[in-house]
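Enquirer: I grabbed these lines from TrEMBL:
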- 1-55: domain 'IBB' (DOMAIN)
- 13-56: region 'Disordered' (REGION)
- 18-43: compositional bias 'Basic and acidic residues' (COMPBIAS)
- 111-153: repeat 'ARM' (REPEAT)
- 153-180: repeat 'ARM' (REPEAT)
- 280-322: repeat 'ARM' (REPEAT)
Amino acid sequence: MSDQAAARILSFKNAGKSADEMRRRRQEGQVELRKTKREETLQRKRNFPAAGDPVDTEVEATGKSALLNLEAIVANASSEDPAVRLLVVQSARKLLSSDRNPPIDELISAGMLPKLVSCLTSDDPNLQFEAAWALTNIASGTSSQTLAVVHAGAVPLFLKLLSSSHPNVCEQAVWALGNIIGDGPVLRDYVIQLDVIKPLLKLLTPNIPLNFLRNVTWVMVNLCRNKDPPPPASAIRELLPALLYLIKHTDDSILVDTVWAISYLTDGGNDQIEMVINAEIVPHLVPLLSHSSFKVQTAALRAVGNIVTGSDQQTQVVLDCGALSHFPALLTHPRDKINKEAVWFLSNITAGNQSQVQAVIDHGLVPLIIHHLSESEFLTQKEAAWAISNLTINGNAEQVRYVIDQRVIPPLCKMLSTRDVQVVQVVLDGISNILAAAGDNLDQVTTAIEECGGLDLIESLQEHQNMDIYRLAYDIIERYFNEGMIDDSNTASGVAEGEHLGNFISQVPTTFQFDADQCNTDTTGGFDF
């Protein structure tokens with residue numbers, strides 16, 4: 001690439017911007033918009049149903065009369081007769097375990113919460129269990145219902161029950177705390193401040209029952225969830241060794257939750273990404289990109305995708321673990337969601353340095369990206385447009401010419417017909433960068449753009465209402481398609497080239513966050529925290 005062309009690309013797109021800054025700009029500007037359209041992958045709260053309990057069918061069938069007896073339930077909850085008290089709490093629990101409209105607000109209004117919380121201090125493990133179960137289901141409701149449980153003083157008592165010698169009581173306390181933590185960052189941090197993590201991690205022993213371990217893992221997901229604000233750094237440091245332990249497990253459910261916990265942490269910025277890297281989790285995470293479970297694959301792809309939105313050095317850690325070797329299969333996966341996130345991942349790699357761009361080329365992934373640009377659903381095409389545009393920005397002249405040789409111009413130009421303003425900007429940026437890097441092949445490139453109908457589309461975009469798109473299109477036409485009208489020292493508007501470009505071209509960010517050697521995955525033996 002000539003010095004003039006190189007200087008033009010810098011002024012056109014990246015003046016004064018490092019690769020890390022470009023990556024962060026797109027991350028901050030686009031991630032929330034993208035993520036608001038995704039469904040929540042994991043439940044924040046879980047109701048504990050009364051499966052298989054014959055009394056539940058009776059309660060459901062006579063729900064109306066049961067609700068009329070709420071005051072009687074509350075009145076008898078403080079009975080001195082242990083059998084009566086247990087029966088009343090159990091009746092309340094059964095009402096709350098109904099799948100259809102459990103009377104949570106009615107029980108709260110009737111004053112049942114303090115009665116249930118007081119039962120957590122009982123010496124009777126059956127009463128503790130029933131009360132914890134009822135409170136778990138109240139906490140699975142709305143934020144105000146969850147907050148009512150907290151205000152009733154339940155959290156410190158649940159924390160004490162984590163050390164109960166009765167496994168069912170302990171597990172129910174775990175479940176209740178998971179619902180409270182899952183309400184959001186305020187209650188999450190409140191429970192963390194009460195020191196939930198240490199007793200929770202003590203439960204991770206070799207002989208913990210599988211279902212119990214699944215619940216503990218789910219609570220850890222909720223501890224890692226939310227990034228506004230993120231969990232305290234001290235809490236993350238406590239959790240990471242446990243996540244390293246759990247990512248070696250063979251149970252799909254535990255793997256899914258563990259990897260989503262990691263994805264939430266890596267969605268919190270470069271400092272949290274660095275903590276995950278330092279915990280040596282990445283070599284165990286990358287192989288999961290080829291896991292047999294679609295859910296595990298999806299979670300792993302989101303987690304590594306978040307990591308590569310970090311610095312070039314953090315991105316390189318993922319690449320050094322052999323991540324790109326998994327992508328031919330991911331890019332040809334039968335599920336569109338996997339394709340889209342795989343291309344999104346690669347768009348963040350092509351936003352890196354030239355060595356990382358070359359790694360994408362060397363693994364034969366560019367033709368697959370171009371295929372998705374041409375043939376896939378729009379959201380995947382959009383990611384492919386980012387991937388190609390980023391490559392034209394960060395690649396050298398030889399790498400850009402390689403993309404040209406892969407016949408990228410027709411599908412890239414076709415994307416100019418979309419109504420998505422951001423995509424049109426990204427594509428125009430890519431086309432302009434390709435033209436700037438064409439060198440002796442400029443005539444070939446301009447001919448290809450004209451023959452595929454791209455020139456007509458670019459000309460029409462000079463009438464676009466968006467000023468940035470208008471200026472991008474106008475600049476391309478003036479520079480490359482109006483013979484004899486270009487003066488190297490001036491633009492069409494008569495201002496200096498650098499000034500013209502600085503004013504004309506919007507700074508479109510280049511990456512955003514969505515969601516190795518095989519290491520020993522032996523989970524036998526204990527885990528010492």
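Positions of Cβ are set from backbone N, Cα and C atoms, glycine also.
Automatic prediction, not curation, is the source of TrEMBL annotations.
Surface or core, plus neighbours and distances: that's what I need for these features.
Expert: Listed as Cβ neighbours of the repeat 'ARM' (111-153) (distance under 8 Å, sequence separation of 6 or more from its ends, same chain) are residues 45-48, 70, 73-74, 77-78, 82, 85-86, 89-90, 92-93, 96-97, 102, 104-105, 161, 164, 166, 168-169, 172-173, 175-176, 179-180, 183-184, 187, 190.
With helix defined as DSSP H, G or I and strand as E or B, the repeat 'ARM' (153-180) counts 22 helix, 0 strand, 6 coil.
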Enquirer: Run through the repeat 'ARM' (280-322) and tell me, per DSSP, how many residues are helix, strand and coil.
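Expert: Reading the DSSP string over the repeat 'ARM' (280-322) gives 32 helix, 0 strand, 11 coil.
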